[in-house]
Amino acid sequence: MLCRLASVGRSSAKVVAPLGCLASRQKHTLPDLPYDYGALQPHISAEIMQLHHSKHHATYVNNLNVAEEKYKEALAKGDVTAQVSLQPTLKFNGGGHINHTIFWTNLSPNGGGEPKGELMDAIKRDFGSFAKFKEKLTAVSVGVQGSGWGWLGYNKEQGHLQIAACANQDPLQGTTGLIPLLGIDVWEHAYYLQYKNVRPDYLKAIWNVINWDNVSSRYADCKK
């Protein structure tokens, strides 16, 4: 399923490309968190962070490695049917690995508040104000049906920020072309143990731990 863009502007939906150079690749590994599991409390509990990182993200990594091995075998055999059948698994687990790797760095125990500099200028330009941006990204994230993500991305072709909602583990850039800057995981495993089924409460809390230095750095890099 492709991501649903929430802001005005033409997008280019892209099919996830086969993962190349599989014969010589190194296996994917679970990245370390840049903080302790309990560092984001009281906004996100240590229990959630431990399960989310060491169980859920780890599962995406493991399944991605297995799928890539099967894909390599299918390539060697010239088995196109097997290659095609593995695409959904590669997309789901590859997207899960990509999304969570970004998500952990988007959070910080020293986060919250508002961004500064060029990122804040761009937010005001493209959304009117930080308050309007925050309201819109929150609304889009609340509105994700089932499991998925809310994203702030950069439309390099048009040179502006854009908000999108992605289903499941669809990777933002691979399915919309937007460069991911800030992702908010709204799968229930990201909040249920603490916030039950009240997603809006989780989304209200997560703004207190957004790492604007990381988001700003991503914005500066994608403009180069």
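Glycine is no exception: its Cβ is also placed from the backbone N, Cα and C atoms.
Taken verbatim from TrEMBL:
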| type | residues | note |
| --- | --- | --- |
| DOMAIN | 27-108 | domain 'Manganese/iron superoxide dismutase N-terminal' |
| BINDING | H52, H100, D185, H189 | Mn(2+) binding site |
| DOMAIN | 115-218 | domain 'Manganese/iron superoxide dismutase C-terminal' |
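Taking the centre of the Cβ atoms of H52, H100, D185, H189 as the Mn(2+) site, the nearby residues of that chain (Cβ within 8 Å, site residues left out) are H53, H56, H57, F103, W187, A190.
By the criterion of other Cβ atoms within 10 Å of the residue's own Cβ, the least surrounded of the binding-site residues H52, H100, H189 is H189.
Mapped onto DSSP helix, strand and coil, the domain 'Manganese/iron superoxide dismutase N-terminal' (27-108) counts 59 helix, 1 strand, 22 coil.
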